[in-house]
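For reference, TrEMBL has these:
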| type | residues | note |
| --- | --- | --- |
| SIGNAL | 1-25 | signal peptide |
| DOMAIN | 136-178 | domain 'EGF-like' |
| DISULFID | C168-C177 | disulfide bond |
| DOMAIN | 326-367 | domain 'EGF-like' |
| REGION | 367-389 | region 'Disordered' |
Amino acid sequence: MRLPRRAALGLLSLLLLLLPAPEAAKKPTPCQRCRGLVDKFNQGLVDTAKKNFGGGNTAWEEKTLSKYESSEIRLLEILEGLCESSDFECNQMLEAQEEHLEAWWLQLKNEYPDLFEWFCVKTLKLCCSPGTYGPDCLACQGGSQRPCSGNGHCSGDGSRQGDGSCRCHVGYQGPLCTDCMDGYFSSLRNETHSVCTPCHLSLGCWHGMGHVWIRNTHTQPGYSSRVRIAASPACDESCKTCSGPTNRDCGECEVGWVLDEGACVDVDECAAETPPCSAAQFCKNANGSYTCEECDSSCVGCTGEGPENCKECIPGYAREHGQCADVDECSLAEKACVRKNENCYNTPGSYVCVCPDGFEETEDACVPPAEAEATEEESPTQLPAHEDL
(Lines of atoms letter the chains of each structure in order from A; the text may use other names.)
(Lines give C-alpha, C1' and ligand atoms only; values in the text may rest on other atoms or scores of the structure.)
Protein backbone atom coordinates (compact mmCIF):
# COMPACT_ATOMS: atom_id res chain seq x y z
CA MET A 1 0.00 0.00 0.00
CA ARG A 2 1.34 3.40 -0.94
CA LEU A 3 1.03 6.15 1.71
CA PRO A 4 -0.31 9.59 0.73
CA ARG A 5 2.44 12.22 0.30
CA ARG A 6 1.46 14.16 3.43
CA ALA A 7 1.37 11.01 5.57
CA ALA A 8 4.75 9.89 4.22
CA LEU A 9 6.34 13.26 5.05
CA GLY A 10 4.85 13.15 8.53
CA LEU A 11 6.26 9.66 9.16
CA LEU A 12 9.69 10.73 7.85
CA SER A 13 9.70 13.78 10.17
CA LEU A 14 8.82 11.58 13.15
CA LEU A 15 11.67 9.17 12.35
CA LEU A 16 14.14 12.04 12.06
CA LEU A 17 13.07 13.38 15.46
CA LEU A 18 13.59 9.97 17.03
CA LEU A 19 17.14 9.63 15.64
CA PRO A 20 19.88 10.91 18.02
CA ALA A 21 21.89 13.87 16.81
CA PRO A 22 25.39 12.46 16.09
CA GLU A 23 27.27 15.64 16.95
CA ALA A 24 25.44 16.07 20.24
CA ALA A 25 26.23 12.45 21.17
CA LYS A 26 29.92 13.04 20.57
CA LYS A 27 30.14 16.37 22.39
CA PRO A 28 32.55 15.94 25.35
CA THR A 29 31.35 16.61 28.88
CA PRO A 30 32.94 19.40 30.96
CA CYS A 31 34.87 16.72 32.89
CA GLN A 32 36.17 15.18 29.66
CA ARG A 33 37.30 18.61 28.41
CA CYS A 34 39.08 19.29 31.70
CA ARG A 35 40.73 15.86 31.68
CA GLY A 36 41.79 16.38 28.05
CA LEU A 37 43.39 19.73 28.95
CA VAL A 38 45.29 18.14 31.84
CA ASP A 39 46.41 15.22 29.63
CA LYS A 40 47.83 17.70 27.09
CA PHE A 41 49.51 19.67 29.91
CA ASN A 42 51.15 16.49 31.22
CA GLN A 43 52.28 15.63 27.67
CA GLY A 44 53.77 19.13 27.47
CA LEU A 45 55.76 18.35 30.63
CA VAL A 46 57.17 15.26 28.92
CA ASP A 47 57.94 17.11 25.67
CA THR A 48 59.85 19.90 27.49
CA ALA A 49 61.57 17.67 30.07
CA LYS A 50 64.97 17.78 28.33
CA LYS A 51 64.83 21.38 27.11
CA ASN A 52 66.65 24.43 28.45
CA PHE A 53 66.55 28.17 27.86
CA GLY A 54 68.08 27.70 24.42
CA GLY A 55 70.80 30.31 24.78
CA GLY A 56 73.70 27.88 24.59
CA ASN A 57 75.09 28.53 28.10
CA THR A 58 72.74 26.38 30.18
CA ALA A 59 74.83 26.58 33.38
CA TRP A 60 74.98 30.38 33.35
CA GLU A 61 71.30 30.77 32.37
CA GLU A 62 70.03 28.51 35.13
CA LYS A 63 72.29 30.22 37.67
CA THR A 64 71.06 33.66 36.62
CA LEU A 65 67.47 33.01 35.50
CA SER A 66 66.58 30.10 37.86
CA LYS A 67 65.96 26.53 36.71
CA TYR A 68 64.25 26.08 33.35
CA GLU A 69 62.27 23.11 34.67
CA SER A 70 60.25 25.39 37.01
CA SER A 71 60.40 28.61 34.96
CA GLU A 72 57.57 30.69 33.52
CA ILE A 73 59.20 30.24 30.09
CA ARG A 74 58.59 26.49 30.26
CA LEU A 75 55.01 27.08 31.45
CA LEU A 76 54.40 29.41 28.50
CA GLU A 77 55.75 26.81 26.05
CA ILE A 78 53.40 24.18 27.52
CA LEU A 79 50.34 26.49 27.47
CA GLU A 80 50.95 27.46 23.85
CA GLY A 81 50.71 23.81 22.79
CA LEU A 82 47.55 22.86 24.71
CA CYS A 83 44.83 23.77 22.18
CA GLU A 84 44.54 23.68 18.42
CA SER A 85 43.57 27.07 16.99
CA SER A 86 40.33 25.55 15.65
CA ASP A 87 39.31 24.01 19.03
CA PHE A 88 37.03 26.75 20.35
CA GLU A 89 35.96 24.98 23.56
CA CYS A 90 39.55 24.10 24.53
CA ASN A 91 40.74 27.67 23.97
CA GLN A 92 37.72 29.02 25.87
CA MET A 93 38.50 26.83 28.90
CA LEU A 94 42.21 27.70 28.74
CA GLU A 95 41.49 31.44 28.61
CA ALA A 96 39.11 31.18 31.57
CA GLN A 97 41.40 29.01 33.73
CA GLU A 98 44.91 30.16 32.74
CA GLU A 99 45.38 31.95 36.08
CA HIS A 100 44.59 28.72 37.95
CA LEU A 101 47.18 26.81 35.92
CA GLU A 102 49.76 29.54 36.49
CA ALA A 103 49.07 29.55 40.25
CA TRP A 104 49.47 25.76 40.40
CA TRP A 105 52.72 25.88 38.40
CA LEU A 106 54.37 28.68 40.37
CA GLN A 107 53.06 28.02 43.91
CA LEU A 108 51.11 24.79 44.40
CA LYS A 109 52.53 21.93 42.33
CA ASN A 110 54.83 20.69 45.11
CA GLU A 111 51.91 20.55 47.55
CA TYR A 112 49.48 19.13 44.94
CA PRO A 113 51.55 17.13 42.41
CA ASP A 114 48.44 15.57 40.78
CA LEU A 115 47.23 18.35 38.46
CA PHE A 116 44.01 16.51 37.53
CA GLU A 117 43.00 16.02 41.16
CA TRP A 118 43.74 19.65 42.10
CA PHE A 119 42.45 21.33 38.91
CA CYS A 120 39.47 19.23 37.72
CA VAL A 121 38.30 17.66 41.00
CA LYS A 122 39.02 20.09 43.83
CA THR A 123 39.20 23.51 42.11
CA LEU A 124 36.76 23.45 39.19
CA LYS A 125 34.66 20.57 40.61
CA LEU A 126 34.00 19.18 37.12
CA CYS A 127 35.22 15.63 37.83
CA CYS A 128 35.51 13.14 40.68
CA SER A 129 38.44 11.01 41.77
CA PRO A 130 38.59 7.51 40.23
CA GLY A 131 36.13 5.14 41.91
CA THR A 132 33.66 7.88 42.86
CA TYR A 133 30.69 9.46 41.05
CA GLY A 134 27.93 12.08 41.11
CA PRO A 135 27.65 15.68 42.38
CA ASP A 136 29.10 14.74 45.80
CA CYS A 137 31.71 12.25 44.51
CA LEU A 138 30.33 9.26 46.44
CA ALA A 139 32.08 5.88 46.37
CA CYS A 140 30.97 3.49 43.61
CA GLN A 141 29.29 0.15 44.39
CA GLY A 142 31.97 -2.15 45.78
CA GLY A 143 34.10 0.76 47.02
CA SER A 144 36.33 3.32 45.34
CA GLN A 145 39.42 1.07 45.34
CA ARG A 146 37.83 -1.74 43.28
CA PRO A 147 34.48 -0.52 41.92
CA CYS A 148 32.14 -3.35 40.90
CA SER A 149 34.67 -5.84 42.31
CA GLY A 150 36.92 -5.08 39.33
CA ASN A 151 34.47 -6.95 37.06
CA GLY A 152 32.41 -4.05 35.72
CA HIS A 153 32.10 -0.33 35.10
CA CYS A 154 30.65 2.06 37.67
CA SER A 155 28.07 4.44 36.19
CA GLY A 156 29.57 7.96 36.35
CA ASP A 157 32.98 6.76 37.57
CA GLY A 158 35.31 9.77 37.79
CA SER A 159 32.63 12.29 36.80
CA ARG A 160 29.92 14.39 38.49
CA GLN A 161 27.30 12.26 36.73
CA GLY A 162 25.81 8.74 36.95
CA ASP A 163 24.22 6.78 39.80
CA GLY A 164 27.14 4.55 40.86
CA SER A 165 25.46 1.32 39.72
CA CYS A 166 27.50 -1.45 38.07
CA ARG A 167 27.47 -2.47 34.41
CA CYS A 168 29.12 -5.88 34.59
CA HIS A 169 31.64 -7.22 32.11
CA VAL A 170 30.72 -10.23 29.98
CA GLY A 171 30.38 -13.34 32.14
CA TYR A 172 29.49 -11.48 35.36
CA GLN A 173 26.22 -10.40 36.97
CA GLY A 174 24.75 -9.20 40.27
CA PRO A 175 24.78 -5.80 42.03
CA LEU A 176 28.58 -6.01 42.62
CA CYS A 177 29.43 -8.18 39.56
CA THR A 178 30.56 -11.10 41.73
CA ASP A 179 28.20 -13.76 40.32
CA CYS A 180 28.74 -15.75 37.11
CA MET A 181 26.32 -15.76 34.16
CA ASP A 182 25.10 -18.94 32.50
CA GLY A 183 27.91 -20.30 30.33
CA TYR A 184 30.56 -19.35 32.93
CA PHE A 185 31.76 -20.97 36.13
CA SER A 186 33.39 -19.54 39.25
CA SER A 187 37.08 -20.50 39.05
CA LEU A 188 38.09 -18.26 41.98
CA ARG A 189 36.10 -16.56 44.71
CA ASN A 190 37.23 -15.08 48.03
CA GLU A 191 36.56 -11.97 50.12
CA THR A 192 38.16 -9.62 47.58
CA HIS A 193 38.06 -11.31 44.15
CA SER A 194 35.63 -13.22 41.96
CA VAL A 195 36.72 -14.77 38.66
CA CYS A 196 34.27 -16.26 36.16
CA THR A 197 35.71 -18.50 33.41
CA PRO A 198 33.93 -19.56 30.20
CA CYS A 199 32.84 -23.20 29.97
CA HIS A 200 33.68 -25.25 26.89
CA LEU A 201 31.15 -24.63 24.13
CA SER A 202 30.46 -28.36 23.99
CA LEU A 203 29.18 -28.23 27.59
CA GLY A 204 25.91 -26.36 28.05
CA CYS A 205 26.64 -25.19 31.60
CA TRP A 206 25.03 -23.07 34.27
CA HIS A 207 27.00 -21.04 36.79
CA GLY A 208 27.76 -22.54 40.17
CA MET A 209 30.12 -22.24 43.12
CA GLY A 210 33.35 -23.96 42.06
CA HIS A 211 31.63 -26.48 39.82
CA VAL A 212 29.68 -26.72 36.55
CA TRP A 213 26.25 -28.18 35.88
CA ILE A 214 25.84 -29.76 32.41
CA ARG A 215 22.79 -31.14 30.64
CA ASN A 216 22.42 -34.89 31.16
CA THR A 217 21.74 -36.35 27.71
CA HIS A 218 21.18 -39.88 29.08
CA THR A 219 17.69 -39.31 30.48
CA GLN A 220 14.36 -40.62 29.30
CA PRO A 221 12.82 -38.83 26.29
CA GLY A 222 10.95 -35.70 27.30
CA TYR A 223 12.95 -35.22 30.53
CA SER A 224 16.07 -33.26 31.40
CA SER A 225 18.36 -33.12 34.41
CA ARG A 226 21.65 -31.64 35.54
CA VAL A 227 24.87 -33.43 36.39
CA ARG A 228 27.63 -31.77 38.42
CA ILE A 229 31.17 -32.16 37.01
CA ALA A 230 34.54 -30.53 37.60
CA ALA A 231 34.88 -27.12 35.93
CA SER A 232 36.61 -27.03 32.54
CA PRO A 233 38.79 -24.01 31.69
CA ALA A 234 38.70 -22.15 28.38
CA CYS A 235 41.03 -22.77 25.45
CA ASP A 236 44.74 -22.01 25.73
CA GLU A 237 45.63 -18.48 24.55
CA SER A 238 47.42 -19.95 21.51
CA CYS A 239 44.23 -21.65 20.22
CA LYS A 240 41.59 -20.16 17.97
CA THR A 241 39.51 -23.34 18.39
CA CYS A 242 40.21 -26.27 20.68
CA SER A 243 39.10 -29.59 22.09
CA GLY A 244 40.97 -29.25 25.38
CA PRO A 245 42.81 -26.81 27.68
CA THR A 246 46.44 -27.04 26.40
CA ASN A 247 48.27 -25.74 23.35
CA ARG A 248 48.28 -29.31 21.98
CA ASP A 249 44.48 -29.36 21.89
CA CYS A 250 44.13 -26.55 19.35
CA GLY A 251 42.02 -27.13 16.27
CA GLU A 252 43.47 -23.94 14.79
CA CYS A 253 46.20 -21.57 16.03
CA GLU A 254 45.52 -17.93 16.87
CA VAL A 255 47.20 -15.16 14.85
CA GLY A 256 50.81 -14.83 16.04
CA TRP A 257 51.08 -18.55 16.79
CA VAL A 258 52.08 -21.45 14.50
CA LEU A 259 51.65 -25.21 14.67
CA ASP A 260 54.96 -26.90 15.51
CA GLU A 261 55.23 -30.61 16.33
CA GLY A 262 51.57 -30.86 17.24
CA ALA A 263 51.40 -27.72 19.44
CA CYS A 264 50.68 -24.04 18.78
CA VAL A 265 53.83 -22.07 19.67
CA ASP A 266 54.53 -18.34 19.62
CA VAL A 267 55.99 -16.80 16.46
CA ASP A 268 59.06 -14.71 17.33
CA GLU A 269 58.49 -11.79 14.96
CA CYS A 270 61.70 -10.17 16.24
CA ALA A 271 63.78 -12.99 14.76
CA ALA A 272 62.43 -12.40 11.24
CA GLU A 273 64.97 -11.78 8.46
CA THR A 274 63.45 -8.34 7.88
CA PRO A 275 63.02 -6.67 11.32
CA PRO A 276 59.49 -5.33 11.93
CA CYS A 277 60.72 -2.18 13.73
CA SER A 278 62.45 0.97 12.46
CA ALA A 279 66.21 1.59 12.65
CA ALA A 280 65.73 3.76 15.77
CA GLN A 281 63.77 1.03 17.60
CA PHE A 282 64.32 -2.44 19.00
CA CYS A 283 61.86 -5.34 18.93
CA LYS A 284 60.41 -7.06 22.02
CA ASN A 285 58.61 -10.32 21.44
CA ALA A 286 55.37 -11.07 23.29
CA ASN A 287 52.99 -14.01 23.26
CA GLY A 288 51.24 -13.86 19.90
CA SER A 289 52.63 -10.42 19.08
CA TYR A 290 55.55 -7.98 19.51
CA THR A 291 56.24 -4.34 20.38
CA CYS A 292 58.68 -1.76 19.01
CA GLU A 293 60.52 0.25 21.69
CA GLU A 294 62.60 3.39 21.17
CA CYS A 295 66.38 3.09 21.41
CA ASP A 296 68.25 5.07 24.03
CA SER A 297 68.91 8.68 22.99
CA SER A 298 72.67 7.97 22.89
CA CYS A 299 72.29 5.21 20.27
CA VAL A 300 72.47 5.03 16.49
CA GLY A 301 70.51 1.79 16.19
CA CYS A 302 70.24 -0.72 19.04
CA THR A 303 69.54 -4.34 19.94
CA GLY A 304 67.78 -3.68 23.24
CA GLU A 305 66.98 -1.19 25.99
CA GLY A 306 69.55 1.20 27.43
CA PRO A 307 72.90 2.69 26.32
CA GLU A 308 74.66 -0.66 26.76
CA ASN A 309 72.77 -2.10 23.77
CA CYS A 310 73.67 0.58 21.19
CA LYS A 311 74.99 -0.58 17.84
CA GLU A 312 76.85 2.74 17.48
CA CYS A 313 77.01 5.93 19.52
CA ILE A 314 75.75 9.33 18.36
CA PRO A 315 78.30 12.14 17.88
CA GLY A 316 79.50 13.45 21.24
CA TYR A 317 79.21 9.99 22.82
CA ALA A 318 81.72 7.12 22.91
CA ARG A 319 81.66 3.54 24.18
CA GLU A 320 82.92 3.38 27.75
CA HIS A 321 82.65 0.34 30.06
CA GLY A 322 80.44 -1.36 27.51
CA GLN A 323 77.94 1.43 26.94
CA CYS A 324 77.61 4.76 25.13
CA ALA A 325 78.57 7.59 27.48
CA ASP A 326 78.89 11.34 27.02
CA VAL A 327 82.35 12.52 26.00
CA ASP A 328 83.54 15.32 28.31
CA GLU A 329 85.25 17.46 25.69
CA CYS A 330 86.31 19.94 28.38
CA SER A 331 88.56 17.36 30.08
CA LEU A 332 90.38 16.19 26.93
CA ALA A 333 94.12 16.79 26.54
CA GLU A 334 93.44 18.87 23.44
CA LYS A 335 91.53 21.93 24.57
CA ALA A 336 88.06 22.33 23.11
CA CYS A 337 87.92 26.07 23.91
CA VAL A 338 91.01 27.72 22.51
CA ARG A 339 90.54 31.43 23.30
CA LYS A 340 92.59 32.79 26.19
CA ASN A 341 90.81 32.75 29.61
CA GLU A 342 87.79 30.99 28.09
CA ASN A 343 85.75 28.55 30.22
CA CYS A 344 84.50 25.23 28.84
CA TYR A 345 81.17 23.73 29.94
CA ASN A 346 80.33 20.15 29.04
CA THR A 347 76.79 19.38 27.81
CA PRO A 348 75.22 16.04 26.80
CA GLY A 349 76.80 15.20 23.46
CA SER A 350 78.55 18.57 23.09
CA TYR A 351 80.08 21.53 24.96
CA VAL A 352 79.93 25.35 25.10
CA CYS A 353 82.71 27.96 25.39
CA VAL A 354 81.92 31.01 27.54
CA CYS A 355 83.94 33.98 28.80
CA PRO A 356 83.93 34.41 32.61
CA ASP A 357 81.60 37.01 34.13
CA GLY A 358 82.90 40.52 33.58
CA PHE A 359 85.37 39.55 30.86
CA GLU A 360 85.09 41.21 27.49
CA GLU A 361 84.69 38.82 24.56
CA THR A 362 86.93 39.32 21.52
CA GLU A 363 87.62 37.15 18.51
CA ASP A 364 90.65 35.44 20.02
CA ALA A 365 90.47 36.03 23.79
CA CYS A 366 88.39 36.76 26.86
CA VAL A 367 89.88 40.04 28.11
CA PRO A 368 89.90 40.74 31.90
CA PRO A 369 88.23 44.03 32.92
CA ALA A 370 91.52 45.76 33.89
CA GLU A 371 93.21 44.92 30.55
CA ALA A 372 90.17 46.06 28.61
CA GLU A 373 90.23 49.48 30.34
CA ALA A 374 93.99 49.85 29.76
CA THR A 375 93.57 49.08 26.06
CA GLU A 376 90.94 51.80 25.74
CA GLU A 377 93.19 54.38 27.48
CA GLU A 378 96.20 53.60 25.20
CA SER A 379 94.23 53.96 21.97
CA PRO A 380 94.81 57.43 20.34
CA THR A 381 91.95 59.87 20.58
CA GLN A 382 90.56 60.91 17.20
CA LEU A 383 90.79 64.67 16.57
CA PRO A 384 87.52 66.42 15.80
CA ALA A 385 86.93 67.37 12.20
CA HIS A 386 87.03 71.11 11.31
CA GLU A 387 86.08 73.22 8.35
CA ASP A 388 88.52 75.47 6.48
CA LEU A 389 87.76 79.12 7.03
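Every residue, even glycine, has its Cβ placed from backbone N, Cα and C.
Here the Cβ of C168 (disulfide bond) has 20 other Cβ atoms within 10 Å, regardless of which shown protein chain they belong to. Around C177 (disulfide bond), the same-chain residues six or more apart in sequence whose CB sits under 8 Å from its CB are G142, C148, S149, N151, G152, C166, C168, H169, S194, listed in sequence order. Per-residue pLDDT, averaged over the domain 'EGF-like' (326-367), rounds to 90. Using DSSP to sort the residues of the domain 'EGF-like' (326-367) gives these counts of helix, strand and coil: 3 helix, 17 strand, 22 coil. Secondary structure by DSSP for the domain 'EGF-like' (136-178): 4 helix, 11 strand, 28 coil.
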